[in-house]
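Taken from Swiss-Prot, the feature substrate binding site covers Arg11, Lys12, Ser100, Gln101, Arg102, Gln165, and the record attributes it to sequence analysis. According to Swiss-Prot, the feature FMN binding site maps to Ala70, Met71, Thr72, Ser100, Asn131, Lys197, Thr231, Gly278, Ile279, Arg280, Ala299, Arg300. What Swiss-Prot lists as Mg(2+) binding site is Glu166, and the listing cites sequence analysis.
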Amino acid sequence: MTNDPAEISSRKRRHIDVCLNDEVNYVGVTTGLERYRLPFNALTQTSLADIDLSAEFFGAPLRAPVLIGAMTGGAELSATINRNLATAAQRLGIGMMLGSQRIMLDDARGQRAASSFAVREVAPDVLLIGNIGLAQLTKAAVPAVAAALRRVGANALAVHANSLQEAMQHGGDTDFSGSLGRLRDAADLLDYPVLLKEVGHGIGAAAVAQLLRLPGGLPVSGIDVAGAGGTSWSRVEQLVRYGELRYPELADWGIPTAEAIVEVRQALPAVPLVASGGIRTGMDAAKAIALGADVVAIARPLLAPAIESATAVQGWLQLFLDELRVCLHCCGARDLTSLRDIGVTAIR
């Protein structure tokens, strides 16, 4: 793939346009969360006002178990989007992932694009997670990645494994051979917690088994399952590349979010776990956390509000958090720990 910052910036803008204006959700695959019921307790002994949504992730306190998911960076509009997202995150006390910082690795023109990731001024206290692709995470790139993280004031690094997205992308990075070893080496060299994530096609049991077979065991500090059922980046890339859907089966391929949560949590009982991929409501979040996630991440539903204003983002998220609070209250959970203890019921 080209490393030209101008080409990367143009592609990022096309991603934004497609996500705003086209149907990019999975069609034949759901998150699987609808197959679970959060138990309703008519005799709850909780007070809605006393429900505690606080959480901790990578050692950072959060007022609610929510991260704003990775969206964009490098396009002209990205700066506005990211600053509005970060401002809302600061106001609500939640975390935020940046979009891919690949463009910042370019020594020449990437410096100009770096401003689109500069959010610390408006979000000094936010858990901020940087972002780079697994295909770009070579040992040689580690110093540049570390510099990019320092420049934006990140607390951690998300590494996105996106083989299907890259296969659909014009000129995409399609050589993932040796990427597990590179991930291990980079995680050892970086002085940051590393979060391994997908982009909407899911991390499940098979991927975790590969990670655990590496010398030294699990090389990352946490996992974001980024499951299927929400935005399909295979679909997005086809629409960007061809203007149409040429491979519909590939647009609907992935591990549903609920399935991914269960598989990863069973294999890794104590590893920090993010549930993302089609998380659209407070009820979705409650089910995901009851299944074993520590926090949830939300991305595309916040894109249009983020173009409008930080207040619009905050308003969307406040409704989401209000619903999550009611879910805990009406199932009898005072906090997230008791929510996990209550769990969910599979619908047969």
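Just so you know, glycine gets a Cβ as well, placed from its N, Cα and C.
The shown structure was predicted, so the numbers you read here are calculated from the model rather than taken from an experiment.
Feature annotations (Swiss-Prot) mapped to structure.
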| residue | record | DSSP (3 states) |
| --- | --- | --- |
| Lys12 | substrate binding site | helix |
| Ala70 | FMN binding site | coil |
| Ser100 | substrate binding site | coil |
| Asn131 | FMN binding site | strand |
| Glu166 | Mg(2+) binding site | helix |
| Thr231 | FMN binding site | strand |
| Ile279 | FMN binding site | coil |
| Ala299 | FMN binding site | coil |
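Minimal Cβ crowding within 10 Å, among the binding-site residues Ala70, Ile279, is found at Ala70. Here the Cα atom of Gln101 (substrate binding site) is found 6 Å from that of Asn131 (FMN binding site). The separation of Ser100 (substrate binding site) from the residue listed as 'Mg(2+) binding site', Cα to Cα, is 13 Å. Candidate binding-site residues: Ala70, Thr72, Asn131, Thr231, Ala299. Nearest to Arg102 (substrate binding site) by Cα distance: Asn131. Between the alpha carbons (Cα) of Thr72 (FMN binding site) and Arg11 (substrate binding site) lies a span of roughly 11 Å. A Cα-Cα distance of 13 Å separates Ser100 (substrate binding site) from Ala299 (FMN binding site). For Gln165 (substrate binding site) paired with Ala70 (FMN binding site), the C-alpha to C-alpha distance reads 15 Å. Sequence-distant neighbours of Thr231 (FMN binding site): residues of the same chain at least 6 apart with a C-beta under 8 Å from its C-beta are Cys19, Val24, Asn25, Tyr26, Gly200, Gly277, Gly278, Ala299, Arg300.
Of all the binding-site residues listed here (Arg11, Lys12, Arg102), it is Arg11 whose C-beta has the fewest other C-beta atoms within 10 angstroms.
Cβ neighbours of Asn131 (FMN binding site) (same chain, under 8 Å, six or more residues apart in sequence): Ala70, Gly73, Met97, Leu98, Gly99, Ser100, Gln101, Leu157, Ala158, Val159, His160.
In this view, the densest Cβ surroundings among the binding-site residues Gln101, Gln165 belong to Gln101, judged by other Cβ atoms lying within 10 Å. Calculated from their C-alpha atoms, the gap between Ile279 (FMN binding site) and Arg11 (substrate binding site) amounts to 25 Å.
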